[in-house]
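Residues or ranges marked as domain '4'-phosphopantetheinyl transferase N-terminal' by TrEMBL: 30-112. Annotation source TrEMBL lists domain '4'-phosphopantetheinyl transferase' at 118-183.
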Amino acid sequence: MAAGAIFGHSAPVAIQLFLCTVGPGDEPHLSGLLARLDEAERDRASRFMFERDRLTYAAAHALLRHALDQVAGVQRPWRFAADAYGKPSLDPSLDGMCFNLSHTDGLVAVAVSRRGDIGVDAESIARAPDESTFTNLVLAPEELAELEGCADRPNRLLRIWVAKEAIAKAIGLGLSLPVKQIVLRGEMPRLIALPEAHGPTGAWSLHSERYGLHWLALATRHGEATPALRIAMTVEQLLAA
Ligand SMILES: CC(C)(COP(=O)(O)OP(=O)(O)OC[C@H]1O[C@@H](n2cnc3c(N)ncnc32)[C@H](O)[C@@H]1OP(=O)(O)O)[C@@H](O)C(=O)NCCC(=O)NCCS
């Protein structure tokens, strides 16, 4: 599908995923991206110490605005509010539109749903997972047992981490949620358990995939997490859209 194609407002599509690759060479586009943001976002962007992080942040928030325009079918000066845990939402909300975004080295992702809360997370496969953090804080005993002797352990750990973060972000508590209590099983992670307040597990849907040099996950308890539509673009295409 061509970058910038308009879709979604005629069909009751559930989750739409927007991806934008960002990296070295995109620095000249920073001012164009910042021009898409509001004052509060530009202020936040200005506080990043490294230009690389500023660029990724600006691309994520420009992509968010683009995604909302596309899903709503109308361009708006979108405004956002954040709850006590920092989860942003539309202010005022529009037609039950929910979104979540993730930015990491090389990729930004925005998921939009009209059905309810959704979480998205992305992580570069180049990131080396810290074993002791995973053993002590992230993995449940059954997950540790499953990974015993696993040949591709760092990769599996990252995939699990990204899936757990997507669930924690859908719930909205982020890392305030004890991620050890989110229990996954299998190479294609399936949700086996999570704190009672956020269950039952059967209500949840989890999508996990390798996207180029990244792991990507989406989670929702409002329908199917696998994106019904997705659009991928470069920063240049985003600015031309
Ligand atoms: C949300 C959180 C898991 C993000 O993890 P991350 O992998 O480092 O970052 P990602 O790029 O994937 O996601 C960041 C985005 O998630 C969204 N986000 C922030 N808090 C969120 C939350 N509680 N739930 C869902 N999404 C959240 C934001 O859009 C944020 O991007 P932005 O700051 O540019 O707007 C982590 O920051 C967290 O746990 N936050 C909660 C902190 C908290 O409990 N605060 C209490 C008040 S002090």
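Using N, Cα and C of the backbone, Cβ positions are placed for all residues, glycine too.
Curation does not apply to TrEMBL; its annotations are automatic.
Not measured: the values here are computed from a predicted model.
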DSSP helix/strand/coil residue counts for the domain '4'-phosphopantetheinyl transferase N-terminal' (30-112): 35 helix, 19 strand, 29 coil
May I have the DSSP-based helix, strand and coil counts for the residues of the domain '4'-phosphopantetheinyl transferase' (118-183)? 40 helix, 8 strand, 18 coil
